[in-house]
(Lines of atoms letter the chains of each structure in order from A and count residues from 1; the text may use other names and numbers.)
(Lines give C-alpha, C1' and ligand atoms only; values in the text may rest on other atoms or scores of the structure.)
Protein backbone atom coordinates (compact mmCIF):
# COMPACT_ATOMS: atom_id res chain seq x y z
CA UNK A 1 0.00 0.00 0.00
CA UNK A 2 1.54 3.29 -1.01
CA UNK A 3 0.80 6.86 -0.10
CA UNK A 4 0.41 8.91 -3.27
CA UNK A 5 0.78 12.60 -3.78
CA UNK A 6 -2.43 14.10 -5.11
CA UNK A 7 -2.94 17.84 -5.39
CA UNK A 8 -6.40 17.68 -6.95
CA UNK A 9 -8.39 17.99 -3.75
CA UNK A 10 -10.58 15.41 -2.06
CA UNK A 11 -9.38 13.57 1.00
CA UNK A 12 -5.98 15.17 1.48
CA UNK A 13 -4.16 17.60 3.66
CA UNK A 14 -6.10 20.74 2.90
CA UNK A 15 -3.39 23.06 4.21
CA UNK A 16 -1.47 22.32 1.02
CA UNK A 17 -4.00 24.30 -0.97
CA UNK A 18 -4.93 26.92 1.60
CA UNK A 19 -1.75 27.48 3.55
CA UNK A 20 0.25 30.70 3.89
CA UNK A 21 1.19 32.36 0.57
CA UNK A 22 3.75 34.92 -0.39
CA UNK A 23 1.12 37.61 0.03
CA UNK A 24 0.11 36.51 3.50
CA UNK A 25 2.19 36.23 6.69
CA UNK A 26 2.94 32.78 8.06
CA UNK A 27 0.95 32.49 11.28
CA UNK A 28 3.14 29.79 12.78
CA UNK A 29 1.12 26.79 11.63
CA UNK A 30 -2.09 27.88 13.35
CA UNK A 31 -5.36 26.27 12.34
CA UNK A 32 -8.09 28.59 11.03
CA UNK A 33 -10.88 28.69 13.61
CA UNK A 34 -13.38 29.83 10.98
CA UNK A 35 -12.50 26.79 8.83
CA UNK A 36 -12.94 24.59 11.90
CA UNK A 37 -16.40 26.12 12.37
CA UNK A 38 -17.16 25.40 8.71
CA UNK A 39 -17.49 28.92 7.27
CA UNK A 40 -14.09 30.31 6.24
CA UNK A 41 -14.44 32.55 3.15
CA UNK A 42 -10.82 33.76 2.83
CA UNK A 43 -9.02 32.76 -0.39
CA UNK A 44 -6.18 32.31 0.26
CA UNK A 45 -6.46 31.91 4.00
CA UNK A 46 -3.32 32.73 6.04
CA UNK A 47 -4.11 29.90 8.46
CA UNK A 48 -4.09 26.14 8.03
CA UNK A 49 -7.23 24.35 6.90
CA UNK A 50 -6.19 21.08 8.52
CA UNK A 51 -5.40 19.58 11.91
CA UNK A 52 -2.19 18.10 10.54
CA UNK A 53 1.42 19.02 11.20
CA UNK A 54 2.54 21.11 8.19
CA UNK A 55 5.96 19.44 8.34
CA UNK A 56 4.29 16.32 6.95
CA UNK A 57 2.69 18.11 3.99
CA UNK A 58 4.68 16.19 1.40
CA UNK A 59 2.68 13.04 2.08
CA UNK A 60 -0.71 12.99 0.46
CA UNK A 61 -3.89 11.37 1.58
CA UNK A 62 -4.46 8.80 -1.05
CA UNK A 63 -4.15 5.40 0.58
CA UNK A 64 -4.18 2.17 -1.35
CA UNK A 65 -3.99 -1.50 -0.54
CA UNK A 66 -2.16 -3.47 -3.25
CA UNK A 67 -0.78 -5.75 -0.53
CA UNK A 68 -0.42 -9.40 -1.34
CA UNK A 69 0.53 -10.48 2.15
CA UNK A 70 -0.67 -10.08 5.70
CA UNK A 71 -1.49 -6.82 7.41
CA UNK A 72 1.25 -6.31 9.93
CA UNK A 73 3.38 -8.51 12.09
CA UNK A 74 4.94 -8.98 15.46
CA UNK A 75 8.21 -7.80 16.89
CA UNK A 76 11.43 -9.69 16.67
CA UNK A 77 12.70 -9.34 20.19
CA UNK A 78 14.90 -12.39 20.01
CA UNK A 79 13.24 -14.03 23.00
CA UNK A 80 14.70 -11.52 25.49
CA UNK A 81 11.68 -11.46 27.74
CA UNK A 82 13.88 -9.93 30.46
CA UNK A 83 13.79 -6.68 28.48
CA UNK A 84 10.03 -6.30 28.75
CA UNK A 85 9.15 -3.02 30.44
CA UNK A 86 12.72 -1.73 30.48
CA UNK A 87 13.42 1.75 29.17
CA UNK A 88 16.30 2.81 26.98
CA UNK A 89 18.71 2.78 29.94
CA UNK A 90 17.22 -0.20 31.74
CA UNK A 91 14.79 1.75 33.93
CA UNK A 92 11.29 0.45 34.55
CA UNK A 93 8.82 1.94 32.10
CA UNK A 94 5.16 2.75 32.64
CA UNK A 95 2.58 5.18 31.37
CA UNK A 96 3.11 7.64 34.22
CA UNK A 97 6.91 7.75 34.00
CA UNK A 98 6.68 8.72 30.36
CA UNK A 99 4.26 11.58 30.96
CA UNK A 100 5.62 14.83 29.64
CA UNK A 101 7.99 13.20 27.14
CA UNK A 102 5.71 13.48 24.13
CA UNK A 103 5.77 16.27 21.60
CA UNK A 104 2.84 18.23 20.29
CA UNK A 105 1.34 19.83 23.37
CA UNK A 106 2.71 18.12 26.43
CA UNK A 107 4.17 20.67 28.77
CA UNK A 108 1.99 23.51 27.48
CA UNK A 109 -0.38 25.33 29.75
CA UNK A 110 -3.18 23.15 28.39
CA UNK A 111 -1.60 19.87 29.42
CA UNK A 112 -1.41 16.72 27.33
CA UNK A 113 -5.08 16.37 26.37
CA UNK A 114 -6.81 18.22 23.55
CA UNK A 115 -9.42 20.90 24.09
CA UNK A 116 -12.72 19.20 24.87
CA UNK A 117 -14.55 21.76 22.75
CA UNK A 118 -12.21 21.02 19.84
CA UNK A 119 -13.05 17.33 20.24
CA UNK A 120 -16.76 18.13 20.14
CA UNK A 121 -16.21 20.46 17.18
CA UNK A 122 -17.23 23.80 18.69
CA UNK A 123 -14.25 25.56 20.28
CA UNK A 124 -14.86 29.30 19.96
CA UNK A 125 -11.27 30.27 20.85
CA UNK A 126 -9.76 28.82 17.70
CA UNK A 127 -6.02 29.40 17.49
CA UNK A 128 -6.15 31.39 20.75
CA UNK A 129 -7.21 28.34 22.77
CA UNK A 130 -4.76 27.42 25.54
CA UNK A 131 -5.51 23.73 25.05
CA UNK A 132 -4.07 21.73 22.13
CA UNK A 133 -6.18 21.31 19.01
CA UNK A 134 -4.87 17.96 17.85
CA UNK A 135 -6.07 14.35 17.61
CA UNK A 136 -2.65 13.02 18.63
CA UNK A 137 0.58 13.73 20.45
CA UNK A 138 3.86 12.06 19.67
CA UNK A 139 6.48 11.60 17.00
CA UNK A 140 6.57 9.56 13.84
CA UNK A 141 2.86 9.17 13.04
CA UNK A 142 0.09 11.42 11.78
CA UNK A 143 -3.57 11.44 10.80
CA UNK A 144 -4.29 11.07 7.08
CA UNK A 145 -8.05 11.46 7.03
CA UNK A 146 -11.26 10.67 8.93
CA UNK A 147 -13.90 8.43 7.35
CA UNK A 148 -17.42 9.36 8.38
CA UNK A 149 -20.51 7.30 7.66
CA UNK A 150 -21.40 5.00 10.53
CA UNK A 151 -24.03 6.20 12.99
CA UNK A 152 -22.93 4.09 15.97
CA UNK A 153 -19.79 2.58 17.43
CA UNK A 154 -17.36 0.95 15.00
CA UNK A 155 -16.78 -2.59 16.25
CA UNK A 156 -14.62 -4.09 13.49
CA UNK A 157 -12.28 -3.13 10.64
CA UNK A 158 -10.94 -5.48 7.96
CA UNK A 159 -8.50 -4.87 5.12
CA UNK A 160 -8.32 -7.80 2.67
CA UNK A 161 -4.90 -8.25 1.13
CA UNK A 162 -4.74 -7.50 -2.57
CA UNK A 163 -7.93 -5.44 -2.39
CA UNK A 164 -8.47 -1.71 -2.80
CA UNK A 165 -11.37 -1.81 -0.34
CA UNK A 166 -11.55 -1.28 3.41
CA UNK A 167 -14.44 -2.87 5.34
CA UNK A 168 -15.89 -1.55 8.60
CA UNK A 169 -18.66 -2.95 10.79
CA UNK A 170 -20.76 -1.12 13.35
CA UNK A 171 -23.55 -1.40 15.87
CA UNK A 172 -25.63 0.58 13.37
CA UNK A 173 -26.16 -2.86 11.76
CA UNK A 174 -24.22 -2.08 8.58
CA UNK A 175 -20.96 -3.08 6.94
CA UNK A 176 -19.51 -0.23 4.92
CA UNK A 177 -17.07 -0.60 2.06
CA UNK A 178 -14.58 2.23 1.56
CA UNK A 179 -12.60 2.97 -1.59
CA UNK A 180 -8.94 3.12 -0.56
CA UNK A 181 -8.08 5.62 -3.31
CA UNK A 182 -10.79 8.22 -2.66
CA UNK A 183 -11.72 7.58 0.98
CA UNK A 184 -15.37 7.47 -0.03
CA UNK A 185 -17.92 4.92 1.17
CA UNK A 186 -18.99 3.02 -1.93
CA UNK A 187 -21.42 0.51 -0.43
CA UNK A 188 -23.38 0.23 2.81
CA UNK A 189 -24.60 -3.32 3.43
CA UNK A 190 -27.46 -3.81 5.92
CA UNK A 191 -26.79 -6.85 8.09
CA UNK A 192 -30.01 -7.15 10.08
CA UNK A 193 -28.16 -7.04 13.39
CA UNK A 194 -25.34 -5.33 15.25
CA UNK A 195 -21.89 -6.31 14.03
CA UNK A 196 -19.93 -7.89 16.86
CA UNK A 197 -16.73 -8.69 14.96
CA UNK A 198 -15.27 -9.12 11.50
CA UNK A 199 -12.15 -10.76 10.05
CA UNK A 200 -10.73 -11.39 6.61
CA UNK A 201 -9.09 -14.69 5.78
CA UNK A 202 -8.46 -14.36 2.06
CA UNK A 203 -10.55 -14.59 0.06
CA UNK A 204 -13.25 -14.81 2.75
CA UNK A 205 -14.77 -12.01 4.79
CA UNK A 206 -16.54 -13.17 7.97
CA UNK A 207 -18.98 -10.96 9.89
CA UNK A 208 -20.35 -11.90 13.31
CA UNK A 209 -23.90 -10.79 14.12
CA UNK A 210 -26.48 -12.11 16.62
CA UNK A 211 -27.17 -15.83 16.08
CA UNK A 212 -25.28 -16.01 12.80
CA UNK A 213 -22.10 -15.45 10.80
CA UNK A 214 -22.28 -13.85 7.36
CA UNK A 215 -19.63 -14.94 4.86
CA UNK A 216 -18.52 -13.31 1.59
CA UNK A 217 -15.99 -14.40 -0.99
CA UNK A 218 -14.36 -11.06 -1.88
CA UNK A 219 -13.12 -12.45 -5.20
CA UNK A 220 -16.24 -14.15 -6.53
CA UNK A 221 -18.96 -12.33 -4.60
CA UNK A 222 -20.40 -15.62 -3.31
CA UNK A 223 -22.35 -15.32 -0.04
CA UNK A 224 -23.37 -17.77 2.64
CA UNK A 225 -24.84 -17.78 6.12
CA UNK A 226 -23.52 -19.89 9.01
CA UNK A 227 -26.25 -20.45 11.61
CA UNK A 228 -25.62 -21.97 15.02
CA UNK A 229 -24.40 -19.26 17.41
CA UNK A 230 -26.57 -18.31 20.38
CA UNK A 231 -26.57 -14.56 20.92
CA UNK A 232 -23.98 -12.13 19.65
CA UNK A 233 -20.81 -13.36 17.98
CA UNK A 234 -18.04 -11.30 19.60
CA UNK A 235 -14.89 -12.93 18.21
CA UNK A 236 -13.70 -14.76 15.11
CA UNK A 237 -10.43 -16.51 14.18
CA UNK A 238 -9.33 -18.88 11.43
CA UNK A 239 -6.59 -21.53 11.20
CA UNK A 240 -5.99 -24.96 9.68
CA UNK A 241 -9.10 -24.69 7.45
CA UNK A 242 -11.21 -24.09 10.55
CA UNK A 243 -13.30 -21.08 11.51
CA UNK A 244 -13.72 -20.33 15.23
CA UNK A 245 -16.47 -18.12 16.66
CA UNK A 246 -16.69 -16.88 20.25
CA UNK A 247 -20.27 -16.35 21.31
CA UNK A 248 -22.35 -14.66 23.97
CA UNK A 249 -23.15 -17.93 25.75
CA UNK A 250 -19.46 -18.73 26.36
CA UNK A 251 -19.05 -21.36 23.62
CA UNK A 252 -16.52 -21.46 20.80
CA UNK A 253 -18.15 -22.83 17.66
CA UNK A 254 -16.05 -24.46 14.93
CA UNK A 255 -16.67 -24.90 11.21
CA UNK A 256 -14.39 -26.75 8.77
CA UNK A 257 -13.86 -25.63 5.19
CA UNK A 258 -14.84 -28.23 2.59
CA UNK A 259 -12.80 -27.54 -0.55
CA UNK A 260 -14.96 -29.85 -2.64
CA UNK A 261 -18.15 -27.90 -1.94
CA UNK A 262 -16.41 -24.56 -1.27
CA UNK A 263 -18.45 -24.27 1.93
CA UNK A 264 -17.95 -24.19 5.68
CA UNK A 265 -19.50 -27.13 7.53
CA UNK A 266 -20.29 -27.33 11.27
CA UNK A 267 -17.67 -29.41 13.09
CA UNK A 268 -17.93 -29.10 16.88
CA UNK A 269 -17.88 -26.57 19.70
CA UNK A 270 -15.65 -25.91 22.71
CA UNK A 271 -17.05 -25.46 26.22
CA UNK A 272 -15.14 -24.01 29.14
CA UNK A 273 -15.84 -20.32 29.59
CA UNK A 274 -18.70 -19.37 31.91
CA UNK A 275 -19.47 -16.07 30.21
CA UNK A 276 -19.19 -14.51 26.75
CA UNK A 277 -16.03 -15.14 24.71
CA UNK A 278 -14.89 -11.75 23.43
CA UNK A 279 -11.51 -12.34 21.78
CA UNK A 280 -9.86 -15.21 19.90
CA UNK A 281 -6.34 -15.45 18.50
CA UNK A 282 -4.28 -18.27 17.01
CA UNK A 283 -0.62 -18.58 17.95
CA UNK A 284 1.46 -21.54 16.80
CA UNK A 285 -0.33 -24.81 17.62
CA UNK A 286 -2.85 -23.21 19.96
CA UNK A 287 -6.04 -21.18 19.96
CA UNK A 288 -6.33 -18.64 22.77
CA UNK A 289 -9.65 -17.31 24.03
CA UNK A 290 -10.57 -14.68 26.60
CA UNK A 291 -13.85 -14.02 28.27
CA UNK A 292 -15.99 -11.85 30.48
CA UNK A 293 -15.34 -14.51 33.16
CA UNK A 294 -11.87 -12.89 33.63
CA UNK A 295 -9.97 -15.91 32.26
CA UNK A 296 -7.86 -16.86 29.26
CA UNK A 297 -7.91 -20.41 27.92
CA UNK A 298 -5.39 -22.16 25.67
CA UNK A 299 -6.75 -24.85 23.30
CA UNK A 300 -4.70 -27.40 21.37
CA UNK A 301 -5.54 -27.01 17.67
CA UNK A 302 -5.01 -30.70 17.00
CA UNK A 303 -7.03 -32.23 19.83
CA UNK A 304 -9.29 -29.19 20.41
CA UNK A 305 -8.85 -29.71 24.14
CA UNK A 306 -8.27 -26.97 26.72
CA UNK A 307 -4.66 -27.32 27.90
CA UNK A 308 -4.41 -24.35 30.27
CA UNK A 309 -6.58 -21.75 32.00
CA UNK A 310 -5.04 -18.43 33.03
CA UNK A 311 -6.69 -16.53 35.86
CA UNK A 312 -4.25 -13.72 36.63
CA UNK A 313 -6.53 -10.89 35.48
CA UNK A 314 -9.03 -9.57 38.03
CA UNK A 315 -11.57 -8.15 35.58
CA UNK A 316 -12.90 -8.82 32.09
CA UNK A 317 -10.14 -9.82 29.65
CA UNK A 318 -10.87 -7.73 26.58
CA UNK A 319 -8.28 -8.56 23.93
CA UNK A 320 -5.46 -10.96 23.04
CA UNK A 321 -2.47 -10.57 20.76
CA UNK A 322 0.19 -13.10 19.71
CA UNK A 323 3.62 -11.72 18.86
CA UNK A 324 6.39 -14.20 18.17
CA UNK A 325 6.58 -16.50 21.21
CA UNK A 326 4.66 -14.10 23.45
CA UNK A 327 0.97 -13.78 24.26
CA UNK A 328 -0.26 -10.33 25.27
CA UNK A 329 -3.56 -9.79 27.07
CA UNK A 330 -5.38 -6.69 28.27
CA UNK A 331 -8.17 -6.23 30.75
CA UNK A 332 -10.52 -3.79 32.40
CA UNK A 333 -8.32 -4.31 35.47
CA UNK A 334 -6.05 -1.68 33.80
CA UNK A 335 -3.21 -4.05 32.98
CA UNK A 336 -1.49 -5.47 29.94
CA UNK A 337 0.15 -8.81 30.70
CA UNK A 338 2.92 -10.44 28.69
CA UNK A 339 2.95 -14.25 28.81
CA UNK A 340 5.69 -16.66 27.80
CA UNK A 341 6.00 -20.46 27.92
CA UNK A 342 8.13 -21.89 30.70
CA UNK A 343 10.19 -25.07 30.56
CA UNK A 344 7.02 -27.12 31.07
CA UNK A 345 5.33 -25.43 28.08
CA UNK A 346 2.93 -23.63 30.40
CA UNK A 347 2.24 -19.93 30.00
CA UNK A 348 3.30 -17.64 32.83
CA UNK A 349 3.39 -13.85 33.21
CA UNK A 350 6.80 -12.38 32.46
CA UNK A 351 5.76 -8.71 32.67
CA UNK A 352 2.71 -6.66 33.73
CA UNK A 353 2.21 -3.13 32.42
CA UNK A 354 -0.23 -0.99 34.39
CA UNK A 355 -2.39 1.84 33.05
CA UNK A 356 -4.59 4.33 34.89
CA UNK A 357 -7.67 3.17 32.98
CA UNK A 358 -9.15 -0.06 31.71
CA UNK A 359 -7.58 -1.45 28.52
CA UNK A 360 -10.13 -2.51 25.91
CA UNK A 361 -8.14 -3.47 22.82
CA UNK A 362 -4.63 -4.32 21.59
CA UNK A 363 -3.07 -4.02 18.15
CA UNK A 364 0.51 -4.69 17.11
CA UNK A 365 2.53 -3.45 14.16
CA UNK A 366 5.91 -2.17 13.00
CA UNK A 367 6.65 1.47 12.23
CA UNK A 368 8.33 2.35 8.93
CA UNK A 369 11.73 1.74 10.49
CA UNK A 370 10.77 -1.80 11.44
CA UNK A 371 10.46 -1.08 15.16
CA UNK A 372 7.70 -3.02 16.96
CA UNK A 373 4.90 -0.85 18.35
CA UNK A 374 1.95 -1.80 20.55
CA UNK A 375 -1.32 0.15 20.35
CA UNK A 376 -3.42 0.03 23.53
CA UNK A 377 -6.94 1.45 23.46
CA UNK A 378 -8.10 2.63 26.89
CA UNK A 379 -11.59 3.41 28.16
CA UNK A 380 -10.63 7.07 28.71
CA UNK A 381 -11.05 7.62 24.93
CA UNK A 382 -7.32 7.39 24.15
CA UNK A 383 -4.99 5.00 22.35
CA UNK A 384 -1.47 4.73 23.78
CA UNK A 385 1.44 3.76 21.52
CA UNK A 386 4.40 1.94 23.07
CA UNK A 387 7.77 0.73 21.86
CA UNK A 388 8.31 -2.96 22.54
CA UNK A 389 9.64 -4.58 24.53
CA UNK A 390 10.54 -1.49 26.58
CA UNK A 391 6.98 -0.07 26.84
CA UNK A 392 8.45 3.40 26.32
CA UNK A 393 5.56 5.62 25.28
CA UNK A 394 5.64 6.79 21.65
CA UNK A 395 2.47 8.86 21.63
CA UNK A 396 -1.25 9.15 22.22
CA UNK A 397 -4.27 9.20 19.96
CA UNK A 398 -7.46 10.90 21.12
CA UNK A 399 -11.02 10.09 20.12
CA UNK A 400 -14.47 11.46 20.80
CA UNK A 401 -15.42 8.15 22.42
CA UNK A 402 -13.70 4.82 23.11
CA UNK A 403 -11.76 3.26 20.25
CA UNK A 404 -13.23 -0.21 19.95
CA UNK A 405 -11.63 -1.28 16.67
CA UNK A 406 -8.05 -1.06 15.38
CA UNK A 407 -6.51 -2.59 12.29
CA UNK A 408 -3.05 -2.46 10.73
CA UNK A 409 -2.25 -2.08 7.05
CA UNK A 410 0.87 -2.34 4.88
CA UNK A 411 3.60 0.29 4.73
CA UNK A 412 2.88 1.92 8.07
CA UNK A 413 -0.87 2.45 7.73
CA UNK A 414 -3.24 1.77 10.59
CA UNK A 415 -6.91 2.43 11.29
CA UNK A 416 -9.02 3.26 14.35
CA UNK A 417 -12.78 3.29 14.84
CA UNK A 418 -14.50 4.96 17.79
CA UNK A 419 -17.82 5.03 19.60
CA UNK A 420 -19.27 7.84 17.49
CA UNK A 421 -18.94 5.77 14.31
CA UNK A 422 -15.93 7.64 12.94
CA UNK A 423 -12.94 5.86 11.46
CA UNK A 424 -9.53 7.49 11.15
CA UNK A 425 -6.67 6.55 8.84
CA UNK A 426 -3.15 7.03 10.26
CA UNK A 427 0.33 6.56 8.91
CA UNK A 428 3.85 6.27 10.26
CA UNK A 429 6.28 8.87 8.99
CA UNK A 430 9.67 8.19 7.43
CA UNK A 431 11.07 11.25 9.22
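Cβ atoms here come from the backbone N, Cα and C positions, even for glycine.
Note: TrEMBL annotation is automatic and uncurated.
Here TrEMBL flags 1-29, 47-106 as region 'Disordered'. Per TrEMBL, the feature compositional bias 'Basic and acidic residues' maps to 1-10. For 26-52, 109-136, the entry in TrEMBL reads zinc finger. Annotated domain 'C3H1-type' per TrEMBL: 26-52, 109-136, in sequence order. The repeat 'WD' annotation in TrEMBL covers 147-188, 270-309.
Averaged over the zinc finger (109-136), the predicted model has a pLDDT of 75. Mapped onto DSSP classes, the zinc finger (109-136) shows 8 helix, 1 strand, 19 coil. Each residue in the repeat 'WD' (147-188) gets a DSSP state, and the totals come to 0 helix, 22 strand, 20 coil.
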